[in-house]
């Protein structure tokens, strides 16, 4: 294969993964604070439709993205209100919203199906874009892709290197301790859940105004990305860098599926498109199995050398959720 | 004490009525946003559901797999498990049934026997897929929501591959599905209707069995203990993992039967979206009835009616039929929210 084609392909992987990066990092913020927002799949579909509809009607890309962030934040607010204030099951409310927002998107998006809409223009960065190899992959993108690079770095630094970030870790791990040290746990959980929802709400217009421009109802091919983002949050171990790595890996697999398609004429394209899902289960198995009790027991029975080697591998892969993920907090 | 109980029951009903009103109000607003006339839409849904004997027949046809799915889900929910993988379990049931029929069709076995084996295969298919989710959860620590979701996508891909690959129609494969089975392999229906009384009976029996299991048996009691507090149940000597796996397998069995009825009684072939979303709809039903088997059957019937009633919306009013999903979803959401509001008010 031509090198140029490979480079453009890799640039495409970075671009098509950008919405997943946004959604996954948004969910990472929410879950770091202790709240699971399971509505992601519905959020992405609804904001993709709404962002497109607003951009078409007003002819403003900016308003399209604003609508996405607003609706994403609103959906997350329902999750936060029902779980933090009303103490209802986060998983139940999130699941209901995932389905309801999807149906809302299909219902309200009906008149906008197949319309021609504005599209985020590509914006090569002068100077950097001409660097061989790197320039093509990284610097001939649109502004959203640059924003996704920035988001990865900023959110990583925020969570692990700043005081508010440490506080965020605290309210997800040991909310009682954080509360004693002056954190308003529930208010912060509201804030990060809504912030996460707004980031996920940008993912929708990123699809419908850039990566998969347009709105085509049920055949838009966007159903499923939200669930992927939720799985990638776990795969990423609630760390933006690792989560972004997962998102790019997933994008790469999807691209490989497309590239390999012509050489595998017996396999329908729909099959290759879902190839990442079994891999998703496998990776979740790899990152979780180290937490299982029977693994410890089995390892203990092995000879010293094998045991240490295996234990190290499992430890490197393993991720553990924030200790209070999904647990309501009462300050009494 | 008794007075408080009755008053809290009345307030409970009051909040539920309020929830229904809010859901209707929300859906009406959604209709107005789309520029539709709400009265006209509601009228269309009602006539679309009850306008003729054929429509009522269609509701009962949709009710059958929904009952089976909901019945199974009540068991997994009781064990504290989120069996989102149910869509894939229905699909695998349909695939296994189709497989059995394809293998046995050329033999000279009596058709009744082939159909019976088809049901059995469907049940096994659903159990196989549910068992995978259970094993991943119990031995791999993979949360059942993600294991199940992943397997849902795999099941869909498997269906499409079969339809376009090994099981394609003579000539060229198409999204319309595999070659239809001959008439003698169709589940008998009432003359002139699509409903198979046998399939419907299976759905009703399933929900009745689950009701009895959860209501009056040792198994149901222990399953509840596992769902309420797994750790405590384990310390009390209940083999928690075995009970969880059992809940998955029983749910998979009923989901598999739902898939089998879709093949044997409705489509008579394998189609790409064979589960028709009944698994997820069953989860909504189970949540709406607060996981109580008694109310599951009528609510499932109502949801089936909404689905059938909205089918003609695109034709008559040029509206998308997903409106029924909006109404169903907002009903469940507002009932949950109002329940939270009521608890919060009574607490303080």
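Quick reminder: no glycine exception, Cβ is built from N, Cα and C everywhere.
Bear in mind that the values here come from a model prediction, so they are computed numbers and not experimental data.
Listed in TrEMBL:
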type: TRANSMEM; residues: A:6-26; note: transmembrane segment
type: TRANSMEM; residues: A:38-56; note: transmembrane segment
type: TRANSMEM; residues: A:62-84; note: transmembrane segment
type: TRANSMEM; residues: A:91-109; note: transmembrane segment
type: TRANSMEM; residues: A:129-159; note: transmembrane segment
type: TRANSMEM; residues: A:190-211; note: transmembrane segment
type: TRANSMEM; residues: A:217-238; note: transmembrane segment
type: TRANSMEM; residues: A:245-264; note: transmembrane segment
type: TRANSMEM; residues: A:270-289; note: transmembrane segment
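Counted over residue pairs 6 or more apart, the CB atoms of the transmembrane segment (A:91-109) and the transmembrane segment (A:190-211) come under 8 Å in fewer than three pairs, which marks the two as apart. Cβ atoms under 8 Å from those of the transmembrane segment (A:217-238) belong to residues 19-20, 23-24, 27-28, 31-32, 38-45, 48, 98, 102, 106, 109-110, 113, 200, 203-204, 207-208, 244-247, 250, 276, 280, 283-284, 287-288, 319-322 of the same chain, restricted to positions at least 6 beyond its ends.
Same-chain neighbours of the transmembrane segment (A:190-211): 15-16, 18-20, 22-23, 25-33, 35, 37, 39-40, 43-52, 55, 61, 64-65, 67-77, 79-80, 84, 117-120, 142, 144, 151, 168, 220, 222, 225-226, 229, counting only residues six or more beyond its ends whose CB sits under 8 Å from a CB of the stretch. Only residues 6 or more beyond the boundaries of the transmembrane segment (A:245-264), in the same chain, are considered here, and those with a CB under 8 A from a CB of the stretch are 9, 12-14, 16-17, 20-21, 24, 228-229, 232, 235-236, 272-273, 275-276, 279-280, 283. Among residues of the same chain six or more beyond the transmembrane segment (A:129-159), those with a C-beta under 8 A of the stretch's C-beta atoms are 4, 7-8, 10-11, 14-15, 17-18, 21-22, 25, 28-29, 32, 120-123, 165, 168-169, 199, 206, 210, 239-241, 244. Sequence-distant contacts of the transmembrane segment (A:6-26) (same chain, six or more residues past either end, CB-CB distance under 8 Å): 40, 43-44, 72, 133, 136-138, 140-142, 144-145, 147-148, 151-152, 155, 195-200, 202-204, 206-207, 210-211, 225-226, 228-229, 232-233, 236, 240, 243-244, 246-248, 250-252, 254-255, 259.
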